[in-house]
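K.L.:
This is the structure I want to talk about, given as structure tokens.
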Amino acid sequence: MQGLNPFHRDQGAGGRPAPVRPAPARPAPVAPRTPRKDPAPSRLAYRLNRMMLRPLVRRLVHVGLPAFLAALVAGIWLSDDTRRANLTGGIDAIVDRIQHRDEFMVKMMTIEGASPVVDKGLRAMLPVELPASSFEIDLEKLRERVLKLDAVETVDLRIKPGGVLSAVVTERVPVVLWRHARGIELLDKTGHRVASVTSREVRGDLPIIAGEGADRAAPEALALIDAAGPILPRLRGLERMGERRWDVVLDHGQRIKLPEDKALQALERAIALNGALHMLDRDISVVDLRQEARPVVRLGLEAQNAIRQARGQPELGPDGTPLAPEATAGNAAKAKKKSG
């Protein structure tokens, strides 16, 4: 058969080489196609995602649930009495060691401006004995207790470096004595009680006021005493009448009854009258100024009896009742004997 082919195997027409034809390539194996996932979520996932968009649900999941689990675990762990006692004891021991460190200890107390009685009372009010931890001393409560002392007006408490508890005390200054049914007490300028005394001679340098409610009107009483001026040497005190007004008590049993209002102005008028007329040097027992438009003067017993004798009337006794004629004659004889 080769002889029948005028061309060579490798030659084409005209003696040219025949083109080489590549063998067809075998197709590559095709991998099995995986089914595509449906991008749409399920109803449950959709609802969960929508719920997580709510702030309350997010906080509940991120904070509430972990906190609940932690509390549950802690509660189970602390349900055992032994573990709970050990934990409490350990915490108390740590706190005690910290509070009793040397830098927190108060070793001494200094008090300034207090009398010996107040100094002793203030030291007795300390809740603990020194040295003690500063955590055991509540300065605010201690200050409230100290201020309950009648003699203390103010107190400044502080813990200074070096473990020193400092107390600077300002005591009340007594300026007047107050006599009442329960005894005699010292009052300051505001009428606050300072201390009790057994008799007026303990503080004879102070003026005295008397009567129920006089302590509440002490500032007014002090103003009246300051205004007494010329009659101050004769002043024995002020008496509160009916918790409404004052009576100025002088020696020889004389009284100046002051009104409920404008008592200071009324006393100044009485002093002016006395300076002009020497009214209080006469036998007058009461000067009644309760009515501004109509002052009243009450004569003393001797002046009244002298007038009654001139009129031929029986004399009056100390209680204001007329005496018998015999007693009147006896008194007249005694008076004549004295004058002779």
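Don't overthink the numbers, they just go from 1 along the chain as shown.
Note: Cβ is positioned from N, Cα and C throughout, glycine not excepted.
Got these off Swiss-Prot a minute ago, pasting:
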- 1-55: topological domain 'Cytoplasmic' (TOPO_DOM)
- 1-41: region 'Disordered' (REGION)
- 19-32: compositional bias 'Pro residues' (COMPBIAS)
- 56-78: transmembrane segment (TRANSMEM)
- 104-172: domain 'POTRA' (DOMAIN)
- 308-340: region 'Disordered' (REGION)
- 324-333: compositional bias 'Low complexity' (COMPBIAS)
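Describe the structural context of each listed feature in the structure shown, including burial, neighbouring residues and relevant distances.
P.N.:
DSSP labels the residues of the domain 'POTRA' (104-172) in these numbers: 22 helix, 26 strand, 21 coil.
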K.L.:
Averaging the per-residue pLDDT over the topological domain 'Cytoplasmic' (1-55), what integer do you get?
P.N.:
67
